[in-house]
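Chemist: As annotated by Swiss-Prot, transmembrane segment applies to 2-22, 32-52, 55-75.
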Amino acid sequence: MINLWMFLALCIVCVSGYIGQVLNVVSAVSSFFGMVILAALIYYFTMWLTGGNELVTGIFMFLAPACGLMIRFMVGYGRR
């Protein structure tokens, strides 16, 4: 499970860095915190839903960077 956590943290940092290059630093910081909160919510919800199955929970947590990237660009392109 620690490997999933490390890879998830790397994904969130990389997505935030990409958003920072494309939009600006404020967007990168806000998307970082949004993805961390989303990953925590997904973790607790899927742990409750699957009865503690960590593999399924770890796989579902990778929705956080993908959703964070999509949401950030939808909001970001609306401002330009």
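Placement of Cβ uses the backbone N, Cα and C atoms for every residue, glycine included.
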Chemist: Report, as numbers and ranges, which residues of the same chain sit near the transmembrane segment (55-75): CB under 8 Å and 6 or more residues beyond its ends.
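Modeler: Residues packing against the transmembrane segment (55-75) from afar: 1, 4-5, 8, 11-12, 14-15, 18-19, 22-23, 27, 30-31, 34-36, 38-39, 42-43, 46-47.
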Chemist: The transmembrane segment (32-52): which same-chain residues, six or more beyond its ends, come within Cβ distance under 8 Å?
Modeler: 8, 12-13, 15-16, 60-61, 63-65, 67-68, 71-72
